[in-house]
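Asks: Feature table excerpt (Swiss-Prot):
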type	residues	note
REGION	41-270	region 'N-terminal acylcarrier protein transacylase domain (SAT)'
DOMAIN	407-841	domain 'Ketosynthase family 3 (KS3)'
ACT_SITE	C580	active site, for beta-ketoacyl synthase activity
ACT_SITE	H716	active site, for beta-ketoacyl synthase activity
ACT_SITE	H759	active site, for beta-ketoacyl synthase activity
REGION	946-1266	region 'Malonyl-CoA:ACP transacylase (MAT) domain'
REGION	1331-1648	region 'Product template (PT) domain'
REGION	1335-1468	region 'N-terminal hotdog fold'
DOMAIN	1335-1643	domain 'PKS/mFAS DH'
ACT_SITE	H1367	active site, proton acceptor
REGION	1495-1643	region 'C-terminal hotdog fold'
ACT_SITE	D1554	active site, proton donor
REGION	1653-1703	region 'Disordered'
COMPBIAS	1678-1695	compositional bias 'Low complexity'
DOMAIN	1704-1781	domain 'Carrier'
MOD_RES	S1741	O-(pantetheine 4'-phosphoryl)serine
Amino acid sequence: MRPVDFTPSSESPTAEKGMKVVYFGNELPQDGIQGICRRLHTYTKDRRYPLLARFIEESTWAVHDEVRQLHAAQKALVSPFESVLHLAEQPELCRGPLCGSIEGVLLCVIQLGTFIGYYEDSPNEYTFDSANTYLTGLGLGLLASTAVSLSPTLADLPLAGAEVVRVAFRLGVLVADVSQNLQPADATGERDSWAYVIPNVAPKEAEEELAVIHTRENTPEASRIFISAISRTSVTISGPPARLRRLFRMSDFFRDRTFVALPVYGGLCHAKHIYNSQHARSVVQGPSIAALDTRFIARYPILSTGSGEPFPTATTATELFEHVMTEILTQAIEWENVIQGVVERAKLLSVSEVQVQVFRNSHPVHDLLSALETSLREGVEVAIKDLGPWITRTRDEERPPPRGTAQSKIAIVGMSCRMPSGATDTEKFWDILEQGLDVHRKIPPDRFDVDSHYDPAGKRVNASHTPYGCFIDEPGLFDAPFFNMSPREAQQTDPMQRLAIVTAYEALERAGYVANRTRSSNKHRMGTFYGQASDDYREVNSAQEISTYFIPGGCRAFGPGRINYFFKLWGPSFSIDTACSSSLATIQAACTALWNGDTDTVVAGGMNVLTNSDAFAGLSHGHFLTKTPNACKTWDCEADGYCRADGVASIVMKRLEDAEADNDNILGVILGAATNHSAEAISITHPHAGAQSCLSRQVLRSAGIDPMDVSYVEMHGTGTQAGDAEEIKSVSDVFAPAVKRRSSQQPVFIGAVKANVGHGEAVAGVTALVKVLLMFQKEAIPPHVGIKNSINPGFPKDLDQRNLRIPYEKKPWPRRPGRKRIAMVNNFSAAGGNSTLAIEEGPLRPKPAGAIDPRSSHLVTVSAKSKISLKGNLERLLSFLDAHPDVALSDLAYTTTARRHHHNHRVAVATSDIADLKAQLCKTLESDSVNTLQPISATGPPPIAFAFTGQGSSYKSWDLQLFQHSPYFRSQILHLDTLAQGQGFPSFVPAIDGSYPRDHAHCPVITQLALVCTEIALAKYWVSLGVTPDVVVGHSLGEYAALHIAGVLSASDAIFLVGQRACLLQERCQPSSHQMMAVRASLEQIEQFAGSLPYEIACVNGPREMVLSGTREEMAAVARLLEAEGFKCIVLEVAFAFHSAQMDPILDEFEALAASGVVFQAPNLPVISPLLSKVVFDEHTIDSVYMRRATRETVHFLSAMKMAHKISTIDDATVWVEIGPHPVCVNFVRSSLPSTSVTVPSFRRGEDNWVTLTSSLGILHCAGVPVDWNEFHQPFERALRLLDLPTYSWNEKTYWIQYQGNWALTKGNTFYDDEAPQTKALAGLASELRTSTVQQIIHEQYDGAAGSVVMQSDLMQPDFLAAAYGHKMNGRGVVTSSIHADIAFTLGEYLYKKLNPNQEPHMNIANLEVVKALVAQENTKSPQLIQVSASTDNIRSRQAHLKWHNVINGSIEEPFASATVYYEEASDWLASWRPATHLVQGRIHALEQLAEDGVANRFTRRMAYGLFASSLVDYADKYRGMQSVVLHELEAFADVVLTTEKGGTWTVPPYFIDSVAHLAGFIMNVSDANDTNANFCVTPGWSSMRFAAPLLPGSKYRSYVKMIPTVEDNNIYLGDVYILQDETIVGMVGGIKFRRYPRILLNRFFSAPDADARKSTPATSAPAPAPPAGSEALQPKAAPASTPAAPASADAPTTNGVKAAAEPDANSTAAKAIALVATEAGLGLSDLKDSASFSSLGIDSLMSLVISEKFRETLGVTVTGSLFLEYPTVGDLKSWLLEYYS
């Protein structure tokens, strides 16, 4: 073969041009090959580098194919790899027998990958041609150059390059096999070099010395050492490593030389005595190279590294590869020949520039450049282009979209959670983390009785060995109506599934999700993925009462399925169980769905609510759980297992590019996620550090992350000795290795959330993820609190040296420019699965420079599904604004409109500043308008009518902000203007764009075209916002725009008619000779007072809205007459008098133009015709004749409206939108159809367009019109940001089925049989009776006609507690007398039926007396028991007696309430009440009259209960039965409707009793007849309570009562509450008593029993809630031990034989106390002599309480209410005060 002659002639077009030399080296970069491969991997995900990605994919496939063909021993050396780039992550492979193959592959991949990527970035620089381009390289670099030589374009390079990579791998295998036969690999794994470089030695001398040695030692030919490379300053010798070492020991010539081992460990090349052309062919030939032959030939010459000449012409790719491979295997490298060849060709080409392209500088490159610079003529520029830095350059901040979904990063855009210990949102969860709290506690009673189900000894069957866990407070709380669930369905639905849908909603809300707003939020492309590993509630709670919803409410699949169904998501819903790693494995599955393109947005998370004691027992016996009181002692030396935990969390994920396009807040970005299994562990539950390490490396590889860039690892950290030790081994090995340690500036922190909130099992992974997201947000690492003693001894001892840190206190974790925070999250399964994900901080998204929202007014909306929630949402928004005073109003408007789902109860505020917004929101709340707002119709959006304004209200010139700011509106205007100019009319844009002042008049053509075209554009703008008309009407000139919107006229034809008509007017009519005049009078009135004068009726707009036309003189005359009669007349600013005789000259020609030049279509909307006073539906009515008549004849707007209403084209619900410059037509609509409810303008004269539009949009929104808010904000979205506003305010109630008894312990065994009697005594008798207030019968006994029954109930049980909190006083739930009544009705009926079976009693609950309030304690986690007994000596006496007791620490306290039940006949009651009926009715009528006269006060429901709450009692909604109240002094009646809302099990629901009876309390605490600021009144009971018929839900009643002070005590009031239905007395609460107390005592009487009332702030005149009940016997609590206690009564000082007390200093506490006593008792100081007894001074028990409270409040002296009994005289008190407070 002849050499290829690439030398151009002197005439060649390449002469005097530049020359390019591309050099591929033979050494891998020594400074971070892994980092380079990671960067290349990252570039392959970038859409800008498809060729690079294809090259890597093709190369990976090629190497996979070659590995498959290896023999078994070699194949076993290669671990699985996903990408050829990942081979760099296997250092053991690079040191093994195949090191030559791996290094060759990586070298070619890096160099060719860099070459391709560089030129994809700069495609214009890819200018190579065969005449002036030369390729060369050393060793394998020469092989890489063949790919470039064969590729005519850059697009061809990936396929040719992949073949180079394949051949490089084969070459390494061949060399390894051949070299192994020359010297086997060292058994110890030590690597020896096969080549040494020796500087300053002549090649000939070296060769002669080697020949001598070989001859002397009879070295076999194949084992001889040889010269493999020659350079100007050195030679390289190669051979078997052992012989090389021997050479340097034995040869004097070589021993005395400097020699350097080269990193050549794979074997020999450049050895012609070993290899031949057959070896070269064996490496090259194969099916893949043959495929290249069909399309590739050598394009650019490659210079031989032996001769320096181009390789011979190759007609196929195979031939070129064989040339190169033969050279690599058999020829020594002589770089000087290459240099000489390049220099000679540069001279022959007479180039002006030589560019040398390299991949980093090197000695050969340096020598080449030096030779070029010294050898070429002066003026020839020699340049080097280093392509290597392209890989490591700083990338653009603006991230390009990924190559495909598989290369996307995953953005987390929303999150929500319910965590233990009151963490009902992420902020409260962060508080727990930040404060370093451990929130474990004893298993609460709403799960199961921990005392009976816990056995620390582990001997009791099915019992737990631990009593501890971490629990969500009140997991049964749920807003069932919001999620369209009935109370029964809610109660039977697993609470974790309920909380999952709640947190899903909140996460989506925080993510700004609105269905179908963008491509990624399309409901068809969204799915749900949740982890769940238990079914406690189904197995235990709802299994006790299996019914309709047992399966859909309890089975796992329904959790995510219900979320999909509620949100109408069409994508997949997965419930995944991988035990403890369920939620993170689920999130990985969700990421995979996003990467695969299966979905565009997912809601994912995990859930766990613990109610089944079996799981505690099973995990205890499996040695999983700690027995000690802690969350998890993660990394502690005494870690003994984990603490179980509740938790529910949801996150919203989408691909990063979608999140950025959607303008989302990005909380964090998932870079990679994977799951594997600890298959090699010693048991299925035992962790395996190797598997964990492998998983971490896999995630890092796929994400292209350097482990040293990870600064935080959230570890699984369950707190077991084995688990903690294995995990720290894997984490330290990967992220803080002992070798290649982290720099001191680059620590990695570790943490574990389980130390705070326990192990949530199925929710553990997402809990950890939420923690990391919060850390990103808060820029802090919270303290780790798991190490209670000392660190686990199994941890590496060199953590500090490795720079691996445990944060024992909160650490800053700030953003840093140019370096993202990256964290890893581990979540492992007891079943052996491991899941890990890598996550980095979300990108900062500042508003772009210059991006502004120019709108002057904004609309803020708030909505809810209930009025209670609406109020809560308003309050939350106000709180947010208070906390964020600098919030941008535009962002707030955008968030609340375009990024929120809108419910049926709506509030909208149009405003220009935050202060005004807050004022309007406060006004809405304070005025109670929330309760009067009407929700939007459930039947769908209202019909919409567009009314197009005529010319009478138009400006002369406009300055439309909408034209300036709205691209859509502007484009419509400009398009219409183009149409107008195309028809020869002048541009009308100057008339609307602010070019002229408003009083500048334009010619009629411009004026009329401007009006009609603006209205057309405005109507289309409304339609673009989703406000689409169902019917149109146009007034006069406005009818042309209306006909276009209805489809009758094209825009071009409408412009033609308007423009031509205006031209005719200018030509045929005299401007201003005639006038149009609006008159505020009816037709009859005008006829009556001006009928004698000439005028024409131009418009009949309403009953009293007329427009007259005529000459100027005629109009002036008419105006004088009408104004004289008091009618308002306004001359319209129009040039012509339309609809009058002035139009006659143009009519014929105008009709002809319309007939010949215009196409009239059938309307696609009903058109209300003011000309015809009818609605047009057909295609024949509107034609050229119609247009003529409409110009000349009267506009009958009034009759047109009435006709349209009559035939139901419009109705009262129709929403009217005025399309025009000022609201005119909508006023006509209102006057014509007064029942019309909603009318809005588009523009208003003198008002900024945005002010008008936002106000109108708010009205439409509240009317139920579905506005496209996204479209409204879209032009300004670059300047807008989504705010993280408070989430929805739920109207929650408790839905919970309580696990009863101990059957989980006893099932299937006899272990507890012997304990049965004892258990029965403790747990109560089996009984069919169980209500919300009578929960457990603990004793019952019957003997003939005598009987007794005793029950115990826990006030902390959800329904009972809710009932108490339904009646709040002083901020606390109080057991109201109505609850006591329900208990009495229940036990009374039960006892009666036991003694008189099959009989139905009518009961009178009589003589109820409550001597001490029963107040709900603050600690809801421990029981608060009461015991009530009912007994009768003889049921035939028809009475039973009841007593109430508190049960404290198992002991029964003195009774605090009592009552008697009389069994009577309802007929007797009705008969006794009948005579009083007319008296009661008479008083009611009298009160009604007083109210009408303004003497009595009438209150709405909201007002009444608002006053009640501000005075004393805050009732829950169910208790608020009074719909209205009429009150005069101490007498009132109320109309009552009982709620239909269900909840709880009752005999007579307390909220029914209270609703019909608490009118008496309302009088006593609201009436201005009492001093309610200073006092409050509570009831200790009544004489009788009787209901002749059951109180029924939804029924209407009327209550009446008059309260009268008693003669004996003016602080006690009595009254009879009559309950009427249909004017018949059906019930009565007789002798109801109220006692008045000073308000200062409210806090003392109504504080939680487990709180020190005297340390809390005294109640003001507007107390918070608490239970009523006290009488004069109410007792204060004893003083705490820390206060100065009074001596025992036996030692109390007395006045007998005791000296007078020393006189205190005037400023002393004692003196102030005595002065206070005098003030409060109304005494003089002189009355308070030391010998005076307090009883003689009139200080009774009530006054004692008041003074005691004043002591505490004013002086800080804490005493009991019995102070004046213990110190009965003034002297006694002085002495005690001086002793303790002087």
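Every residue gets a Cβ built from N, Cα and C, even glycine.
Help me picture where these features are in the structure shown.
Replies: Its Cβ placed at the centre, C580 (active site, for beta-ketoacyl synthase activity) has 28 other Cβ atoms within 10 Å. In the three-state DSSP reading, C580 (active site, for beta-ketoacyl synthase activity) counts as strand.
H716 (active site, for beta-ketoacyl synthase activity): 32 other CB atoms within 10 A of its CB, across all protein chains.
The Cβ of H759 (active site, for beta-ketoacyl synthase activity) has C580, C632, Y642, C643, R644, A645, T718, G719 as same-chain neighbours under 8 Å, each 6 or more residues away in sequence. The secondary structure of H759 (active site, for beta-ketoacyl synthase activity), as reduced to three states from DSSP, is extended strand.
Taken as a whole, the region 'N-terminal hotdog fold' (1335-1468) shows an average pLDDT of 92 in this prediction.
DSSP classifies H1367 (active site, proton acceptor) as strand under the three-state reduction.
Per DSSP, the region 'C-terminal hotdog fold' (1495-1643) is made up of 35 helix, 67 strand, 47 coil.
Listed in sequence order, the residues of the same chain lying 6 or more apart from D1554 (active site, proton donor) and placing their CB within less than 8 Å of its CB are H1367, T1376, S1378, Y1515, Y1519, G1521.
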Asks: Provide the number of Cβ atoms within 10 Å of the Cβ of H1367 (active site, proton acceptor), excluding the reference atom itself.
Replies: 27
Asks: Just to be sure I understand, if DSSP states are collapsed into helix, strand and coil, how many residues of the region 'N-terminal hotdog fold' (1335-1468) fall in each?
Replies: 33 helix, 65 strand, 36 coil
Asks: In three-state terms from DSSP, label H716 (active site, for beta-ketoacyl synthase activity) for me.
Replies: coil
